[in-house]
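What TrEMBL says about this protein:
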type: ACT_SITE; residues: Cys332; note: active site, nucleophile
type: BINDING; residues: Asp141, Asp169, Asp270; note: S-adenosyl-L-methionine binding site
type: DOMAIN; residues: 26-395; note: domain 'SAM-dependent MTase RsmB/NOP-type'
Amino acid sequence: MAEQVEDVSTLPLPDAFLDFLRQNGLDPSIYAASHSTPRYIRLKPGCETHLVEIEAEIKCKPIEVSWLPNFYHLSPDVGIASTKAYQEGKIYGIDAASGAAVVALDISPGDHVLDLCAAPGAKLCMILDILGCSGTVTGVDVSRHRLAACRTMLQKYTLGDRCRLFVADGTTFSLIPVRVCLNSKSYKAAAEEQLEVYKEWTSRRPWKERKQAAKTRENGASQFFSQIQDPELIFYGRHSGVVGLSKCEVFQSVNNHELLQYGYDKVLVDAECTHDGSIRHVQKFEQWGWATLQRRVLDAERTDFLTILQLKLLTNGFRLLKVGGFLVYSTCSLTLAQNEDVVEQFLSQTASAELLEIDAAKNWPCKSSRIPKTIRFDPLTSSTSGLFIAKFTKLAV
């Protein structure tokens, strides 16, 4: 125990943050390993033959992560952003714990997947890589500029063919997967009625559309995100199901009963949080200044707001899930309030929700959390950033 205290005392963390950790039942010593936690990369499927040249370029041998396919760990001080392999879309920068959240979804060929908090896009790309030439992915995020970065990632990694992206409030998003358009018209019928239908997406949008988007941004610039009403479609691939449909078909609303049958097969809710479990994020505060940490992490009002938001995101994501589908809820916070407390409140008010064992976790370097079947990653236990994961299914009740 004395050794533990000594490790904590050497951490470059302010007393206020250490108090925050203790108040939330977290052992501050988990951050003692923060500067030795490896950097992780994911190799794009099909790029295995490039490993030797990647090693030569980064001057570090990528070590395969035995419990997570296509993941490798590097020395923590190795940078990848300026490498040819990263710029050419052969590797992704993504923590292994984040990859585990995607694996927990148990994605199958042909699935229609919703990523309700999609930005900045590493998990979105992993979902698309797993699906390959089947299914579809709908990415949603409240931040337009962050979702635009997702779009750039899709183009860089040539993964956009089966994806559509909506700027929208994840707590109210209501659009169904594109596998079904209730009462949809054929392309020919739509043309005969002179309805505007979506053609193949191009980055060069019509003048009328650009003007409307600019007006929308101008009107919404000073508004808080919870006031966002209508989703904005900022990208769709050729086989995302959008091409050939009219706007009313893409944006059709359905009732909760129809969602039970026509909802998404899999839903990922990687909710906004205080990021206190993200090693890379916490290390940034050393450069940004600890006053920023006070505002973004330690402020009690912000934490209270986030727990309300997280419950709303989880509740809406589950509403959009079809019966028998899987939903994964995750955060990179390690606090009970943003994880176990949210899950318990959600379960208490959702009779059709059932927690599931994460089968793959039997081979993961993680530990059980306070609630059976939910798991936690942390730097000391897992040699990854911190992450909480819970998996649900929807019952027919």
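Just so it is clear, glycine is given a Cβ too, placed from its N, Cα and C backbone atoms.
Any TrEMBL annotation is an automated prediction that lacks curation.
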### Query
Taking all residues of the domain 'SAM-dependent MTase RsmB/NOP-type' (26-395) together, what is their mean pLDDT?
88
### Site diameter for S-adenosyl-L-methionine, Å, by largest Cα distance between Asp141, Asp169, Asp270
14
### Summary
Asp169 (S-adenosyl-L-methionine binding site) and Cys332 (active site, nucleophile), compared by Cα position, are separated in whole Å by 20
### Query
For the binding-site residues listed here, Asp141, Asp169, Asp270, which shows the highest count of neighbouring CB atoms within 10 A?
Asp141
### Task
Note the Cβ centroid of Asp141, Asp169, Asp270, the recorded S-adenosyl-L-methionine site, then list each other residue of that chain whose Cβ lies within 8 Å of it, in sequence.
Leu116, Cys117, Ala118, Ala119, Val140, Val142, Ser143, Ala168, Gly170, Glu272, Leu313
### Task
Using C-alpha atoms only, work out the spacing between Asp141 (S-adenosyl-L-methionine binding site) and Cys332 (active site, nucleophile) and round it to an integer in Å.
17
#### Entry: C-alpha spacing of Asp270 (S-adenosyl-L-methionine binding site) relative to Cys332 (active site, nucleophile), in angstrom
8
